[in-house]
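Only one structure is covered here, and it is reproduced in the block below.
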């Protein structure tokens, strides 16, 4: 066993290295130091690195992204070089601001654009032709091609999860998984997307997200969705395809919304939505009146009908007469 490990790995002061002559397919490697992947790893294999206080954990598996050589000089033959600030890999056609940080273990593909003060953490893959605005922080994340990430976005940070132990102390739950973002996704400024705890947080292809949106851990969002500003989606919620959420819509945790649902602004989803259609209110209910603008109750709906039927000049005259009569002495 020891001899086979020596043929597979070599150890130096810089970490644990996979020998170039080795043709083994490594599935899981647990190491206490950084692991550098050499050129003999098969193509279309990605690295998922989970760091802890005790040791680093690296899992290798198939993915849509190429695993790139991360030797000290980069992989010049494939057009990839090592970024001087952080040691991450980037394609020579990518445009990266000099103040950006690309950590070791991150990969930036061709024609990507990274703005000023961008921080790309380890275990991150930036797809082709992705545009990332200034002051953005991304880690533990896989971003597809042709995505647009606006200023100040945070992707891949810890999710919000705590529990009380036997001693009454508040203990943080481990948040060790990743965020997966599809192709042609646009994310507005100052939006936050948490990484998963028991499953990856996923955003489907062609989904568009406005500014100041919060997406919790373990959330799964389908393709071609539209989220307006200040939407909040709690952890472990599931949203189907072609779903539109108006401004300040709130979705509680562990609920499911089917495809082709539209939610009016300021609505709150407290239970599963199983039928396509238009919803609104608190809690959200399905719109049944064709002319109603999600009236809060029947009286408000009837008053709206009366106001539509009365001419505006007559309505104003009645208001003035009522004000005059109220001022008259008895």
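Here the Cβ of each residue, glycine as well, is placed from N, Cα and C on the backbone.
What you are looking at is a predicted structure, and each value in this text was computed from that prediction instead of being measured.
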Among 236, 267, Swiss-Prot assigns to the UDP-N-acetyl-alpha-D-glucosamine site of 160, 161, 162, 218, 254 just 236
Here the recorded positions are 217, 254; the one whose Cβ sees the most other Cβ atoms within 10 Å is 217
Looking only at the recorded positions 210, 214, 217, residue 162 (UDP-N-acetyl-alpha-D-glucosamine binding site) has its closest CA neighbour at 217
Here the recorded positions are 210, 214, 217, and the Cα closest to that of residue 254 (UDP-N-acetyl-alpha-D-glucosamine binding site) is found at 217
Looking only at the recorded positions 210, 214, 217, residue 160 (UDP-N-acetyl-alpha-D-glucosamine binding site) has its closest CA neighbour at 217
Among the binding-site residues listed as 161, 210, 236, the Cα nearest the Cα of residue 217 (active site, proton acceptor) belongs to 236
Students should find that the Cα atoms of residue 236 (UDP-N-acetyl-alpha-D-glucosamine binding site) and residue 210 (hexadecanoate binding site) sit apart, in Å rounded to an integer, by 20
